[in-house]
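A.B. asks: Per TrEMBL, the feature domain 'ABC transmembrane type-1' maps to 18-248, 630-916. Residues or ranges marked as transmembrane segment by TrEMBL: 81-100, 107-127, 183-207, 628-658, 670-688, 759-786, 852-878, 890-910. TrEMBL lists 283-519 with the feature domain 'ABC transporter'.
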């Protein structure tokens, strides 16, 4: 007797340890794999040629893949794998025992396996395809978010918010349709599988009775076979939810790994190619033919020729779309020509090692790209291990030292997403300092001053003059006054070089292409100067009105002013107006905020402030779906009653196998029919439950995304300067937060209703069967609820912190992909990956912690569960001994409470979803409840 107690304790302890290891190890595995996939995917994306981004991918899609799809992959490789393996092994073990105890009955029951297997296969195939179409739609929606938020100033100035919202909503509608179809297919599949299983139970009872009557089988063997098959079959049913995660993860992984396997034609990671010890900088384009991958029907160059001597400055001029900037792109090998050669020092650039080639060139573009980090880190993209002296020298030459030294943190000042917290001229000078630090032999200036006002242009032009000395310089110019002193001016028209020479040489021909451009620009300048005075007066009045009363009316007035300015105003006016009172104030506010704490701490504080947001607010958002949710709730409640009733039937049929043959034949038919009835009920309520909650969840995620996007596009521009509201953070928030809430309202809410119904039904059956035994055993069940509460508290804080950290990592990816030409030009792929991996370390550690907490929680839950089983049998034996209960009542209480405890155990897995949902809801409602200071 003592040995049995020790053996029981040892088995119980081993199961607890195995449960902890099972969940913790697989959750940790999922976290690590997801992090590796994210890093590998981003590394592959950074490796791609520019043509890939023109035709196949956009920043929003990449962020959607990293933030949304990798979560699906993580779930498919996490605890769902552990549950699937456990249930499948239980299924196999159950049938092994069944064959040993009664092979003939087991063979008959196996006839249902092919139909069940086919159902499994069909469900997995259909769900995989539907998940793929839904993810494509969400990726398209992610592109709209990235394009809108990334260009929010342009969107606001042209009042394009409604168009952006309409475009976004159309993408969400496609995703909604795919999600609902997926939910219905999942419900039909699961209902069919469970129906087949219940039918097989009915067959087992009827045929088992037949074997007892005709083949002299023992009642105990029949019961053993039925229970073993039931356990195996129910385990197969328990494995089916994992299929949803697997199919979604498979569809998501397909897109990710399809990109990872892609090898670009122009590969920056390729170490092959020649390197010259010294480069003179002589450039020649010989008979170049070229089309952009995104516009294969438009021929840009047809036999284009250009020669630039070493150390000279060549200016490319011409109308927009003539092909000037294409020369810069070809020199950087962003693209390769279809035919012809591009030579540097007489060597075809295709023969050079790509990384070495780009290191010889310094690119300064019209729209300088700065990353959401410090000024120092942005400059260090030019030379990663530059000394402080080299950095100071670079900013001096770039005429940037004066304004940088005036900033509270100097070189360590954050510039914001896309450099939004500093002016255009300041951004340009930082970009020039970055190029100077690179010390290139060839300097490429792609309309580097065209977007600046006159004063800023003068300062930047002086800085450029400092670094053009003794370098081969290619200038793409819009303002012809800036290139009068160029050694060579080449006029490009419709992809052909139509005229070249110095300014003095070309201006002599009044009918020449260059002279025509000069005359056209002089006429335009005269018209702009006439209008500019009137507009500036109007602008001054508007700014005065704005400073007195920042209201929705002044916001509309300002927008109308922007539209007027865009139609015909000087660049001076545009620059001054864009950096009006609001811009200056916001910049200083951002600096003051940075003095207090870093980006991570600031975002974490923001998250904590809103973490108490009531989760019930979600119910209000789902109010239009209340009727269908009520239908789903009724279906889920009935579905939850199925297994306690099933347990009641099982406990009742045990005694019929010991009845007389006449009674056995009659009762076996009746109880077999009851199992068929349960199967029919499941076939009806399971699809209904999945469809109803699928519609509710899909509508909620559609509504949340739409409302959040609609709210944020009308925020004041300074709102986007906040580190928490960067382009990458918003894209990640809309993707991951909405998906988390959808899972909570869809699958988790259905699971909650179903298992509450299971618990209540089980308790009612147990109390009716024997209230004394039921009440005593119920007393221990609150321990399961207690551990669930503790688990929620432990996971909540961890999930909030991990969410903030993931947004920071997403911002790094967003900046890099949105500025891929800058990253490629400065060979910064490794630096970006180093930053991304560093930002990903903290979320990974939090994920590992969550895995351990979940494992311990489930292990404790199982411990209490098995203690509950032992207590029922022990107390049942005592009550039977003292005539306080019948043997059949003990089994009824046991099976009823077993089903109830299983439901409670399933609910103990929900704390993770609830804690994630609370954090996601807080993040979403932070935007929905915000009130813009400038309301349009």
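A Cβ is built for glycine as well, from the same backbone N, Cα and C atoms used for every other residue.
Remember, TrEMBL labels are computer predictions, not curated facts.
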A.B. asks: Counting only CB pairs under 8 A, let me know which of 81-100, 670-688, 759-786 has the most with the transmembrane segment (852-878).
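C.D. replies: Most contacts with the transmembrane segment (852-878): 759-786.
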A.B. asks: Between the transmembrane segment (628-658) and the stretches 81-100, 107-127, 670-688, 759-786, work out which stretch tops the count of Cβ pairs under 8 Å.
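C.D. replies: Counting Cβ pairs under 8 Å, the winner is 670-688.
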A.B. asks: Could you pull out which residues elsewhere in the chain have a CB under 8 Å from any CB of the transmembrane segment (183-207), counting only those six or more residues past its ends?
C.D. replies: 105, 108-109, 112, 115-116, 119-120, 122-123, 126-127, 130, 225-226, 229-230, 233-234, 236-237, 240, 244, 646, 653, 668-669, 671-676, 678-680, 682-691, 693-695, 697-698, 746
A.B. asks: For the domain 'ABC transporter' (283-519), provide the mean pLDDT of the predicted model.
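C.D. replies: That region's mean pLDDT is 84.
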